[in-house]
Structure formats: C-alpha cells, structure tokens
2 protein chains.
Amino acid sequence: MVRVGVIGGGQLARMMIPAAVNLGIDLRVLAEADGMSAQLAATAVGDYHDVDVVLAFAKEVDVVTFDHEHVPQDVLRALVDAGIPVHPGPDALLYAQDKLLMRQKLSDLGLPVPVWARVETEADLQAFLDANGGHAVVKTPRGGYDGKGVRVVSAAHEASDWFTVLAEHGAGDALLVEELVDFRRELAQLSARRPSGELVLWPVVESIQRDGVCAEVIAPAPGFAIRIADVAAQIATDVATGLGVTGVFAVELFETADDRLLVNELAMRPHNSGHWTQDGSTTSQFEQHLRAVLDLPLGATGCTEPHTVMVNILGGPREGALSDRYPGAMSAHPTAKIHNYGKDPRPGRKVGHVNASGTELDVVAYEARAAAAFLQD
Amino acid sequence: MVRVGVIGGGQLARMMIPAAVNLGIDLRVLAEADGMSAQLAATAVGDYHDVDVVLAFAKEVDVVTFDHEHVPQDVLRALVDAGIPVHPGPDALLYAQDKLLMRQKLSDLGLPVPVWARVETEADLQAFLDANGGHAVVKTPRGGYDGKGVRVVSAAHEASDWFTVLAEHGAGDALLVEELVDFRRELAQLSARRPSGELVLWPVVESIQRDGVCAEVIAPAPGFAIRIADVAAQIATDVATGLGVTGVFAVELFETADDRLLVNELAMRPHNSGHWTQDGSTTSQFEQHLRAVLDLPLGATGCTEPHTVMVNILGGPREGALSDRYPGAMSAHPTAKIHNYGKDPRPGRKVGHVNASGTELDVVAYEARAAAAFLQD
C-alpha cells in the first residue's frame, strides 16, 4: 500500500483521511500531541522541530507532506538529504514561510502585487506611509512575533512594539509593509501541481473574511468575468512554476476597485478557501493533494452543482460538543454537509465548517449560513 | 464524541469511515481478523458468534450496527437484553437472515413477490416446477449450505444435494423455490429509516448483474416512469414499517415484462446498489446509515449530477495491487472516483468500484466502465 506521511495533526491532515480511505492510501500522521484533530491517522507523536523525530517518521513513508507550513528549513533539508521525497519541497516552502521573500520573489517574477517595502525602522515605515496615503498594512514576515502578525496602521509608532522585538533579534530582520489595497472583494485561486509538471485549477472563488478570519467561501465567485479568470489562472501558473510548488496550493487575491488582481497571500497546502471542493467539485482538494504529492494524474476540478457555499464554524460561547446541536441543524437543513474537526470548541477557534450546494445561489448560501449559525451560536 | 460500533470489518464498515470522520463520530469496528478492509477503525478483533466478545465490544459504544447480516439471533438478543441499542434490531434482521421467513412476511403484508413455495422434498419441488412452466429458482433460506445458495433448475433432482443436506439437518428444514421471473431488468430502491420513524428514499436505480454478482448500477434508473417510482417507494415504505427496519436498507426489485415490480431480495445495511451515492447524491448511504442508527435527522437524497454510474472492480488475473494501475486509469479518466477496499485482489472478489457522474449518461457510463476495466483487467 502506498504510504503518505503528513507532518502535523490538524484539521487539514484529518480531512485527508476520507480521501486516503477511498483511494486505499496508507496515511500516516506525525501529530504534535495525543488527541489532535487527525488522531485516527496518527502513527507518531513528536516535535516537528526535531530532525531525529521527523527523520524516523519519514523513513516509514513514500512521501512527506504537511498539515502546515511551519517545519523548519533545516528539518526539511535533512529529509531531502536522506533521499525522502518532500512535497512541497523546502525551496518552495521558503516563500510560504517568509512573506518578505515571497513579496520579493513575486515582484521578480513580474506578478501583480500591492505596493510593498521592507522596513527595518519606524522611520522607514513612516516614509512608506507618507508615500502611500497615510495608511498601510504591516506584517511580520514569519509567524511568532504576534498571534496574527498583521496590523493596519496610520502612524509608524503603532508598530513600535514589533520594531522593539526586531531590534532584540539583531541586525538584518525587517517587517513587511504593504499599501492598504482598495479592493472590491477577495478571491482565491486553488490549484494543484504534480512534481512531473501537470497543473490543474479549480474555479476561482470569492472569500469573505470576518475579523481577519475566513468566514465564508462562494464557489464559483459570482459574476466572475472570463478575462479575470484567465488572469487568475495565469498568476497561479506563474506562481507554481516560478516558485516550484508541488501539491495543492492557494493564491489569495484582491480584486481591486479598478478591476485588477493583486496577489495577497500564498498557502502551499490545502486551504480553507478550498473546503467547498469536498462536496462541490469532482475532486476534493484533499484527494487532489494526495494524488499530487504521489505524482499521480490529477482529478477533474469542475463543479458538481452550479453553486457551493462554505461557511466556517467557530467555537462560541455555547457549552457542549458540536454534535449536541446536530438534531436541530440536520432537521432544518437536510442538504447541509457538516464537517466537524473533532476539536474542543474554544471561542473563536475554527472547529468545523458547513458546505451546501445547489442550483440557486441564494438558497445555497442561506442553507450553509443558517446551518453553520445553528451549530455555532 | 458519539460512538457507533460496527460488527464486521468488511468494505461496508470501511466506507463508513469517511462519513464518521466528516461528522466527528467515533466509529469502532469489531473485525473478524487483523488486516480487514476496515482495519483503520478496528478497535477489537474477535468472533461475532461469541456473545461475550460482542457484549464486551458493545459496552464501549452508544449503538451497534453491522457490516453484514450474519450475527446470530442469540447474540443480537443478548445485546438488546443488555440495554444496548441495536439497529437494525433482531426482529428485523431475522427476515434478512432467512429467505423463507422473508417471503412469508412479504406475502402476509400483501407485497408483490414472485410465486414461491416452501419445499421439503424433491416431490414438492417437482410439483412446483410442473405448476410453473418447468423452470424455477431454488434458494437455501440461510447461507451455509452452498457458496451462493441460489440455483436455477428445470428438474427436481438438480437440487438433490441440497435436499440430502436438509435431511441431515432433521425435520422442519426446507428450501425456498420461486418462479423464474420474466424480468425486463433489475431495479433497487435504497432507503433509510430512523428508529423514531423518519424515512427517506433515494431515486430508484437499475442494477446489472453478471454471473450472479452486481456488476454495474445506473442512477437514477433510465426511463423510469413516475408511476413505477411511486410503486417502488410504497414497497420500500411497507417493508420498512412492516418489518421494523432501521438504518439504510435496499429492496432489490424485478421490473417484469408486463410492467409490474416484484420484490427480489432485501438487504438491511448499506448495499452495493447504493455505492453511487458516495459521489452522486447529497447524502451518501454510509453517512445516512450513521445518522439513521444514531436517530439523527436524515440527509437529502437528491442527485448532485443528472447521472451517476457505478461499476464494480473484481480481482482479476493480473498481478499486483490495484494502485499499481492508478497512473493509467487516472490519466485517462480524470472524472472517475476510485474506491479501493484495500483487499487482496483474488479473482472474482469485489476489491473496489468506480463512480462517474455527469450530464450525459453515455459519457458517464463509458468513463465508469473504462476506468473500472483498466483497474480490473
């Protein structure tokens, strides 16, 4: 049986299990702890920062892939040096791990990005603000400085705490600053690429964020012009080939008020903007990811129904397990497809999502939103 | 987490795993041996004929259900006596376990069945043959006498070996004999019923048998008249309520040359004729079965695409694992959904199936058949 190793035991690893069962793939997960979301497929528990732990795990599988993008480069390089196939590989993941490197690379490739700069001091940031209308988005290039790492500022001192941390890290570190894009809406282009080159794209979707967290995805993006679809496809193709991405990846895009597309973020793994594919596309992103990292031919990416809407379920104030609310939700919404991550529903935490599909977007959106609200609130 | 216990580790238990992962249900399987198809969810290995083994397993779950219908009545009764919910229950399963009891019950309920008789001797059988055109189908009421237990005969002596076995079993045993129905095609009505009464029906499908084994299912059944659909729905409803069935069940039907429907067989579990629902219906039969046995509201049973065709994959003469043939099959058939049971592909054994869906039945049928043939031959 073909063996795929996944580093990380979160919900993305969990959602690979159904695809692995269907295709007869032996999915093995290196989880951070017992009782993680992907517990059923966890064959090892350990720290993914530890080269020895990861190497021992990787030697039992045919290919290594990921639930997240946080595995350190030295660990990734050790896997490659040991001759273990890793998808996406370290050279590609570098750009998902460091937003400054990503912005530089996309600019080098001539891809459309927001105006951006690398800023080492408050003075640098203030200069950027002065040149760009007085507002900007400051980002820590790597996770770890801050829970979110993204902040909208109107004055340089609003990021002074981050500059203080930078100074403590020594010379050479910097923040990323980007123009505050006047966007009409956010879109995402989900794609998959095999090591041998085949690339497929799903229809572009609209994603709706709430408090900086993905709340809802509408697939395909309503009223999405063919011309813009071609642009999104070309961007994803250039990203994949330019950065050497393998597996499923998502390009988050801004659609600007003046009809341009700008690359916002990249994710080199199955992504929240692609959860709709589980119930709305011929091939789910999780099956496709397994096919891609195994260098198997990719599946069809069309929609099975005209519209699918995905709504996230966050942990809320209500007590009890998500499944306690199944009777009411299922009774009122028989077309809703519930995905439960098996997580403790702490407030604000993504604990599941609902997909609904059908021919009338209004009805589909209502069903998905109402079922998710019932489960959440 | 809600816990569902499944007795039997075959492919039906295996295919409940994806639904359980999606819904956050703790699925626990009592497998007959190590390495069964449902290995990933196997939490116990033991003999389902052993009351103590089954009771110990059942005490760790909220409800017990089945991968097959062979659990002895005394074991089922012991579970009920211990206060453990069992779905379907022993009173219903009795009719799936004994074809003579089933025929008698269906006749008592006034449901349309082939002309049948209980025969204890060759003379009884010959009298039935003489009265019914000289041909008939003889069946052993329970598994065990013969691998298949179904034989078409034109003379009573063709079943003499079975009568010899009957005589060895002592008085009271009998065979079932049925008229050889002049059918146009075989249909199946898949349904699900909750203990609290809710009943849902999927569209009627056509099933095509080859050498007595289901080879292909076309959903919905082509050219299926509304009147006949109503009849099939009424039959399934009468069977469910009359026999007290809970969970997913299938009624296999003959569509006769003179436009009647006759009940052929019953299956009180997810069924091969319902595998198309995994990729072609809003709710798969495996998700529905879990919902039904947990007495949760049932999901929508509509088709996500106009046509879905399911083709079984049997173990063939070719050596090697099914997955060895993925590159060719996936490359030529990107819309094919492959379901691999993780079984050793011995000749004639069901080792997987392929579903294909779409708007043109000819295309869908070609894709499913060609992909399955590639994987099988």
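Cβ atoms here come from the backbone N, Cα and C positions, even for glycine.
Within the same chain, residues at least 6 positions away in sequence whose Cβ sits under 8 Å from that of A:K99 (ATP binding site) are A:K139, A:T140, A:P141, A:R142, A:L176, A:E265. The ATP binding site feature in TrEMBL is assigned to A:K99, A:K139, A:E178, A:E179, A:L180, A:V181, A:E186, A:N264, A:E265.
Annotated domain 'ATP-grasp' per TrEMBL: A:103-294, in sequence order.
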(message) As a test of the contact definition, list every same-chain residue at least 6 positions from A:L180 (ATP binding site) whose Cβ is closer than 8 Å to its Cβ.
(response) A:N132, A:G133, A:H135, A:A136, A:V137, A:V152
(message) Can you give me the same-chain residues 6 or more apart in sequence from A:E186 (ATP binding site) with a CB-CB distance under 8 Å?
(response) A:E206, A:S207, A:I208, A:Q209, A:E252, A:L253, A:F254, A:E255, A:N264
(request) Could you check what DSSP calls A:L180 (ATP binding site) once collapsed to helix, strand or coil? (result) coil
(request) Return the single residue from the binding-site residues list (A:E178, A:E265) that has the minimum number of other CB atoms within 10 Å. (result) A:E265
(message) Under DSSP, is A:E265 (ATP binding site) part of a helix or a strand, or is it coil?
(response) strand
(message) On the three-state reduction of DSSP, what should I expect for A:K99 (ATP binding site)?
(response) helix
